[in-house]
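S.K.: One structure, pasted below without further comment.
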Amino acid sequence: MLDIFRSSKLLETFIGHTNAVWSIDYSTFGDNEFICSGSEDKTVRVWNVDTNQQIQLFNKHSSYVFCVKFSQYHYYNNHRNVICSSSDDKTIRFWDFKDNQQLQIFNGHTSAVCGIEFSPFNGGRYLCSGSFDYTIRLWDVKTSKLLHTFNGHKGRIWCVDISPLQSNNSNRNDNNKINDIGVIGGNGYTICSGSFDETIYIWDIETTKQCIVFKGHDSSVRSVKYGSNELVNTILSGSFDTSVRLWDIRSGQQIQMFDRHKNSVWGVEYSPFVVKNLEVGSSSNVICSASGDNTIRFWDIRSNKKELHVINGYDEEDLGIICIKFLPLKKENKSKSNAYSGCGINLCYGSHGGSIRIWG
């Protein structure tokens, strides 16, 4: 429940980056919990959540690191602990942080590579990337080959996401087989992308066709996220126009807008929290957003009224919050004093000032 999280406090701060933290990700490998981060200081770093220590640093990118993601494909297929990173240096790189080595480099984009996302089908074998060269590209991680280039945006692309399965296929529990179709695969899945051209595009992965365009933002779209479960047909977006918006994929229309931020919205997430609606006695879903105004705000998706909760960053240090990630509670860590929130969820964020902080 969100009410429990409202009493949360700052638990940990990871210090090491010397410039803005553009992206963070979280994963477990075996019994260990890790956070990875990418920064304007050109480095990729790995942090052990249990010990609160930096355990690895990669500095072969020649410019800003815009996005980092843990690769489940490498872990489950090759038993390797791997991070993927995208950079202003036009490359996408894979790093084995257990063996301390660079594995693969994807070259092909002709400008900065911003958002990256692994496929939820075929065990994360495919990687989607969005670039300042106005294109979205789909890569085969296994073969290191470029499979397709999506063209259509009229501006730089900040962010991409890949949908949960949106078809009504009754065999969805056997996704590795039913989605191994054609050159790319992925029937029933789509990609969404946000751009400097102020639009959000949706692309069908199987046909490689653009199928929906959302218009409404008044500035660059900085973050896009697909919903899941009962919100599977929605997309959440954040923009430099300071607004957070919710879109309906089926109707192609905007559902809701939240406009209380005082600066650019850099990151958005569907939160795991619910709030009790006293009028009808039911629960509603909560979303959250991170902004250059140095706040993280939580919103009820059914109402554009005042936010439900606000976390304020450290003004003198954070200088604005760029990225956010929810961390699930590991059961074996419940005994740690003051280590985790009572609701079982922690929130991690990266800031313009270079710090990474965990609230819970």
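For all residues, glycine too, the Cβ spot is worked out from N, Cα and C.
According to TrEMBL, the record shows the following:
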REPEAT    14-57  repeat 'WD'
REPEAT    58-105  repeat 'WD'
REPEAT    106-149  repeat 'WD'
REPEAT    187-213  repeat 'WD'
REPEAT    214-257  repeat 'WD'
REPEAT    275-309  repeat 'WD'
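In the displayed structure, how are the listed features positioned relative to their neighbours?
M.R.: Outside the repeat 'WD' (14-57) by six or more residues, the chain places 63-70, 72, 75, 81, 83, 85-87, 95, 97, 100, 322-325, 327, 330, 332-333, 348-358 with a CB less than 8 A from a CB of the stretch.
The helix, strand and coil residue counts that DSSP assigns across the repeat 'WD' (58-105) are 7 helix, 24 strand, 17 coil.
Here the repeat 'WD' (106-149) has, by DSSP, the following mix of helix, strand and coil residues: 3 helix, 24 strand, 17 coil.
If you average pLDDT over the repeat 'WD' (187-213) in this model, you get 93.
Across the repeat 'WD' (214-257), DSSP helix (H, G, I), strand (E, B) and coil residues number 3 helix, 24 strand, 17 coil.
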S.K.: What parts of the chain pack near the repeat 'WD' (106-149), using Cβ distances under 8 Å and only residues at least 6 beyond its ends?
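M.R.: Distant contacts of the repeat 'WD' (106-149): 63-64, 66-67, 69, 71-74, 76-77, 84-94, 155-165, 175-176, 179-180, 183-186, 189, 191, 193-195, 203, 205, 208.
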